[in-house]
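Over in TrEMBL, the protein carries these features:
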{"type": "BINDING", "residues": "Lys9, Phe10, Gly11, Gly12, Thr175, Asp176, Tyr181, Lys211, Val212", "note": "ATP binding site"}
{"type": "BINDING", "residues": "Thr49, Glu76", "note": "substrate binding site"}
{"type": "DOMAIN", "residues": "5-232", "note": "domain 'Aspartate/glutamate/uridylate kinase'"}
Amino acid sequence: MKKPLIVQKFGGTSVGSVENIQKVAKHIIEAKDDGNQVLVVVSAMAGETNRLVDLAQQIDSVPNARELDVLLSAGEQISMALLAMTLNKLGYAARSLTGGQAKIVTDEKHNNATIEDIDTQGIRTLLDQEQIVIVAGFQGVNRNGDITTLGRGGSDTTAVTLAGYLGARECQIFTDVDGIYTCDPKIVHQAKKLSTIDFLSMEEMAKRGAKVLHLPSVKYAQKHNVPLRVLSTFKNSSKGSFVTGQQAPDGICGIALQDEMQLIEIDSTLIASLLAQCHMLGIAIWNTIESKNTTQFVVKYADYIKLKLTLSEKEHTASLVNLITVVGSMKEVSEDKIRAILSENGVKIIFYTLNIRSFTVAIRPEEVDKVANILHDIYIDSAVVIER
Ligand code: ADP
Ligand code: ASP
Ligand code: MG
């Protein structure tokens, strides 16, 4: 009988040192010794992708997108080779593959590509030969054979997509926290771990900045029924959090935080040209706030760097903001209450927006910890039912 397949993905901190790579190897060996085929996806070592981006930007603030992908894809290749060596040394046959070698084909969009197809024949052969297959996350090749990357955090998407194509029994996302919480546990220490979370809520959390899972990975897992679990590399006892169920329950499921956003204010007469620039550069606009003569836009800081080249200093002002979003059914959310409580606490709300399943406030970056904790106190700590 064919052995079941487990896909395990290890993030940057998990492969951040040779010592941690030994811990990663233990999880892989455990799954292998349990009688599974094991496919592993790795991220670059912690800090490595940022270091490479920084090197590129020392040369050009907006580096050539194709060459940036060539550079960034190297980070994951370092991890995959070190992990394969570790497993070999421990007596396990392991083979590392780049995205191209793993036959991961993407669209043409350098720096933010989407996986279009994976020819899994080669991987299946290696798995059937009892090899542990290690694939570099975050990368593929386009139809011209050029290296592409999937956007920051994209290794989750590599893992989930491979799990879908290969019919894995489970896709396990190992990281530096032991599951999905009601808010980033590094910012809100009272955040509660969710043993399960439904896809709609997780998708909204990821969309609004909860970087524990890359948004396309959640969408893919939902569409293709991939059993998806988030768990810790370092804390063995926990089963982590399982993403399951198509129905979002009533109530608030969590608070998502998005940093490094830029608020741009321009004269309303310039809107059409700014929109055209954004469209041409593939820049997503997160929020638009219109007032009498001016309009404000929110884009990612990294996108603002590109946009800035086409905007003159005279035509706009810009400031960094953070977005904090209460995610869930909005029945119990009152704009007036949030505004009153935040102003009582001396927080300046730059703007807020209400959507079907979320309420977002934009604030100054230095107020994130305070505001996240206040909103968590109101909407999560005081809620009766949350752990599902
Ligand atoms: P990796 O390198 O393993 O992919 P990431 O840094 O991308 O790790 O994602 C894990 C981090 O996501 C956690 O360390 C935590 O700070 C952050 N995070 C943000 N929101 C949440 C949340 N709701 N639940 C858990 N972690 C979260
Ligand atoms: N190394 C890439 C990043 O830092 C991809 C990932 O970690 O998932 O964004
Ligand atoms: Mg990540």
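Please read every residue number as a count from 1 along the shown chain.
For all residues, glycine too, the Cβ spot is worked out from N, Cα and C.
A map of TrEMBL features onto the structure.
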residue : record                 : DSSP (3 states)
Lys9    : ATP binding site       : strand
Thr49   : substrate binding site : helix
Glu76   : substrate binding site : helix
Thr175  : ATP binding site       : strand
Tyr181  : ATP binding site       : strand
Val212  : ATP binding site       : coil
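For Val212 (ATP binding site) paired with Thr49 (substrate binding site), the C-alpha to C-alpha distance reads 17 Å. Considering only the binding-site residues Lys9, Gly11, Thr175, Tyr181, Thr49 (substrate binding site) has Gly11 as its nearest partner by CA-CA distance. Checking the binding-site residues Lys9, Thr49, Thr175, Tyr181, Val212 against ligand 2, the ones whose Cβ sits under 6 Å from it are Thr49. A straight line from the CA of Gly11 (ATP binding site) to the CA of Glu76 (substrate binding site) spans 10 Å. Contacts of Lys9 (ATP binding site) defined by a Cβ separation under 8 A and a same-chain sequence distance of 6+ are given as Val40, Val41, Val42, Ser43, Gly137, Ser155, Asp156, Thr158, Ala159, Cys171, Gln172, Ile173, Phe174, in order along the sequence.
Only Gly11, Thr175, Tyr181, Val212 of the binding-site residues listed as Gly11, Thr49, Glu76, Thr175, Tyr181, Val212 bring a Cβ under 6 Å of any atom of ligand 1; the order follows the sequence. Rounded to the nearest whole angstrom, the C-alpha distance between Glu76 (substrate binding site) and Thr175 (ATP binding site) is 15. Compared over the binding-site residues Gly11, Thr49, Glu76, the count of CB atoms lying within 10 A of a residue's CB peaks at Glu76. In this structure, the binding-site residues that sit close to ligand 3, with a C-beta under 6 angstroms from any of its atoms, are Gly11, chosen from Gly11, Thr49, Tyr181, Val212. Take Lys9, Phe10, Gly11, Gly12, Thr175, Asp176, Tyr181, Lys211, Val212, the residues named in the record as contacts for ATP: the widest Cα to Cα gap among them comes to 19 Å. Taking the domain 'Aspartate/glutamate/uridylate kinase' (5-232) as a whole, pLDDT averages 98 in the prediction.
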